[in-house]
């Protein structure tokens, strides 16, 4: 029983550290991604799908391609 409680306590502690790290100290994030439209070209249309980890899969059928981590249609 003591082992279960210690594992549960360790898991809660890890979750607490991650919560504090992601919400209270944003400079420590592993990967900061800027998905704003400021970096998009003005002649392109946003397709509504990010391509941070996986390239444009669904919207590729519409002719969208990845540009600055956002799927856009030229």
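Using N, Cα and C of the backbone, Cβ positions are placed for all residues, glycine too.
Swiss-Prot has this to say about the protein:
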type	residues	note
DISULFID	47-64	disulfide bond
DISULFID	51-66	disulfide bond
DISULFID	56-71	disulfide bond
SIGNAL	1-24	signal peptide
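Structural mapping of features recorded in Swiss-Prot.
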residue : record         : Cβ neighbours (10 Å)
47      : disulfide bond : 20
51      : disulfide bond : 20
56      : disulfide bond : 21
64      : disulfide bond : 24
66      : disulfide bond : 18
71      : disulfide bond : 23
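For the pair residue 66 (disulfide bond) and residue 56 (disulfide bond), the C-alpha distance works out to 6 angstrom. The CA atom of residue 64 (disulfide bond) is located 6 Å away from the CA atom of residue 71 (disulfide bond). Under the three-state DSSP scheme, residue 47 (disulfide bond) falls in the strand class. Here the C-alpha separation of residue 47 (disulfide bond) and residue 71 (disulfide bond) works out to 6 Å.
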